[in-house]
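Dropping a structure here in structure tokens format, bear with me for questions.
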């Protein structure tokens, strides 16, 4: 027996070899191998069926990994050469404070494979995986560093409307929702196997977000998932059981978006009734309503604590709320072409005007100073909260058609195991769903939620492309 394999691994290999020989009609060779192994491998028809594709799958996986290693080595060599020949100007850009980094054209990667409009994107909280969903009913998993398609996930029967990574500590899941009325959970650690389907909504499911585990008083443990639907409800699910644990009513029409606070205590929602709501995630009670939009509210988001100093000044407060407080400020985007920033009581602080079409998605910069928006006017805009929300950068023609979604890559996890990344909330200071320590963080790059800012965003569009903007 090979000294490299355990007894169990050797047995698995032998079963795979025999099953492969049988699958290609080499029964004599299979029988000879059995004889050589002294009949130590017991393989009935059902077991043979299970193992027959395993050898080929592992072989192609090795080839794929070898290619990825070669690509990474090539890229590493190119980056080293670039670093060796760098000018002071290029070095100053490379050493730019991540808290002030903003995306600029051209995109690092334009990812093409979908056959319908891209509706949603989400970053894995640790690995360089990016999920995108489309009206073509598929989810695609990309390596955003290499710009390569890793796999296509099929399972939904109608348009995929949203995706999100998160879940229990140490067990990251991918959630997706669809016009087929279902939510599906996929396991990234098991080749994105569909582990659960959550039926219950009576119409299209527009948005899904994992509710982070965080401060005391928050919903328990990171097992919870929030969904918003055209059936006018928000539902909260326990992903470990698949049960709906709460149905929240109050909206009068289609609920387009739902977004959890970093500590999981609150949910922000918005939709066709034009009145966004701040909800208590535990009780479902409406804490505040936000009245002022003149058309459908397409997107909502909650400001991270890093934004409090800028938004408090904008609101005329003498000092910002404590960083430990939750959902002190929120932002909403609408088909009325405006973005509105509010305090948690429902008081309008600022209306941002500049887009020429529907606002489709929002994300706060993890550093806290900026708010980014994308729109059906094909642009990505960056608003400086410290300058009265002045638009300080416009990426014109960010896509060739309506821009439907934007996400910020999760922060690099620090020693404490916290990540200001996704796990459900667009890289805006979420406690980690995975207690894995990856790197330390300099004070300059710390966002306050823990973790080093990753200067990477992804956008999706009706042009069927996903684009990655990076420093």
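Including glycine, each Cβ sits where the backbone N, Cα and C put it.
Sequence annotations record features per position, and here Swiss-Prot assigns region 'Disordered' to 83-108, 424-449. Per Swiss-Prot, compositional bias 'Polar residues' is recorded for 83-93, 428-441. The repeat 'WD 2' annotation in Swiss-Prot covers 156-196. Taken from Swiss-Prot, the feature repeat 'WD 3' applies to 200-247. Annotation comment: Swiss-Prot describes 250-289 as repeat 'WD 4'. Residues annotated as repeat 'WD 6' in Swiss-Prot: 354-393. According to Swiss-Prot, the repeat 'WD 8' annotation covers 429-467.
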Taking helix as H, G and I and strand as E and B in DSSP, count the residues of the repeat 'WD 3' (200-247) in helix, strand and coil.
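Helix, strand and coil residues of the repeat 'WD 3' (200-247) number 0 helix, 22 strand, 26 coil.
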Using a Cβ cut-off of under 8 Å, list the residues of the same chain at least 6 residues beyond the repeat 'WD 6' (354-393) that approach it.
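Apart from its flanks, the repeat 'WD 6' (354-393) reaches 97-104, 298-301, 303-311, 313-314, 331-335, 337-339, 341, 399-408, 411, 420, 426-429, 447-449, 453, 457, 459, 461, 469.
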In the repeat 'WD 6' (354-393), how many residues does DSSP assign to helix, to strand and to coil?
3 helix, 21 strand, 16 coil
